[in-house]
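A.B. asks: Following this message is one structure expressed as C-alpha cells.
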Amino acid sequence: MRLRLQSVPLYLSEMAPAKIRGTVNQLFQLTTCIGILVANLINYKTEQIHPWGWRLSLGLATVPAILMFLGGLVLPETPNSLVEQGKLEKAKAVLIKVRGTNNIEAEFQDLVEASDAARAVKNPFRNLLARRNRPQLVIGAIGLPAFQQLTGMNSILFYAPVMFQSLGFGGSASLISSTITNAALVVAAIMSMYSADKFGRRFLLLEASVEMFCYMVVVGVTLALKFGEGKELPKSLGLILVVLICLFVLAYGRSWGPMGWLVPSELFPLETRSAGQSVVVCVNLFFTALIAQCFLVSLCHLKYGIFLLFAGLILGMGSFVYFLLPETKQVPIEEVYLLWRQHWLWKKYVEDVDE
C-alpha cells in the first residue's frame, strides 16, 4: 500500500501534460474509490453466504492484485525517470508518445536541466530540509497530508452507522452506510476530475473547507441537542443527518481527499521528488494511525464536541491554504518552483538562496 501511495500520484503527475495534470492525477482517487465501493458491495453480498462467504470475499482480493502486477509489467518509465537514468533517446521517445506531438524540445530541455540539478544532490532527504525547499516541506510534505486526515472524515464515518440504524437499517447499517458513503466518494472523485483543471486546486480546497466547516458545526450542535444521555435519534432528524453526511463526504471527496495527493506530487523539484513523496506518505499514515488511536478516547470525553473540534481544524486548514498555497493549475511540473518567487512569504526563502 505504501508503495502504491508513493508511486502512483508521482507517476501520473510526471506523465500527464500540464493542462490536464489534475484530471489525470484524479484517476488515482477515482479508481481507489471505485475499488473500495466494489469491495463493499462484494462484502455485502458475501455476508449472506454462510459459512464460507468471508473466504470468497478474501479470495477475490487477489484479482485486482494480479491485474496491478500484470499492468506494472507493461507500463513505461516516465520521461523524468529515464532522463535521470541517462536514457535520453528513450525518454524523448516516451515524451513524444505521451504528448502526441514531436514538438517537445522545450519540455525535454527542462527535464534535462532538472535532472542535472538532481544529480548534484547527494542526500535528497537532507536537501529537503534546505531553506530553498521550505515551501515544499511545509506545504507538501507536512501540511496537506496531515490536514487530509484532520478533516474529521473519520468522525463522520464513525457516526454514519448510528444514523442509518435510526432509519431502520438494523444490523446491516454498517455495510449500508459504508456503501453509500463510498458511492458518494466515487461521485466526488468524478466531480474533482472535471473541476481540478478548470477551477484550480485552491478553489476546490477553500470552497470545500467552508462547506465542511458548516456541516461539522450543524452535526455537532444537532447531536448536542437531540442525541445522547438516553435520547433516541428521531427518524426525521436521522434522515437530515444522513444527507449532511453525504454532503460532507462529497465535499471531502472532491477536495481534501484527492488534493492531498495531487498537490504534493506537483510541488517537489526532481532532486527531492521521491524523498518528498516518501515523507508525504509517512506523514499521512502517521496521522491516520494517530486519529485511529485517539478518536474513540476523544469521542468519549468530548462527545458532540469532537465535531466542533474538527470544525475548528477545518477553519485552520482553510486559512493555511488561503495564505500559503499558490495555484499550481496548468503549471508545468518542472516550473512550479517559479511560483515561490512570486509568493508574499515563500519568496523570502527562495530569494535569499538565489542571492
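Just so you know, glycine gets a Cβ as well, placed from its N, Cα and C.
Copying in the features that TrEMBL gives for the protein in this structure:
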- 1-329: domain 'Major facilitator superfamily (MFS) profile' (DOMAIN)
- 27-44: transmembrane segment (TRANSMEM)
- 56-75: transmembrane segment (TRANSMEM)
- 137-160: transmembrane segment (TRANSMEM)
- 167-191: transmembrane segment (TRANSMEM)
- 203-225: transmembrane segment (TRANSMEM)
- 237-255: transmembrane segment (TRANSMEM)
- 275-297: transmembrane segment (TRANSMEM)
- 304-325: transmembrane segment (TRANSMEM)
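Structural setting of the listed features?
C.D. replies: Here the transmembrane segment (27-44) has Cβ contacts under 8 Å with residues 8-9, 12, 57, 60-61, 64, 172, 175-176, 178-179, 182-183, 185-186, 188-190, 192-193, 253, 257-258, 261 of the same chain, all six or more residues outside its ends.
Packing against the transmembrane segment (237-255) from elsewhere in the chain are residues 29, 33, 151, 153, 156, 159-160, 163-164, 166-167, 180-181, 184-185, 187-189, 191-192, 195, 204-205, 207-209, 211-212, 215-216, 218-219, 222, 226: each is 6 or more residues past its ends and has a CB under 8 Å from a CB in it.
Beyond its flanks by at least six residues, the transmembrane segment (275-297) meets 2, 5-6, 9-10, 124-125, 127-128, 136-137, 140-142, 144-146, 148-150, 154-155, 158, 260-261, 264-265, 267-268, 306 of its own chain at Cβ-Cβ distances under 8 Å.
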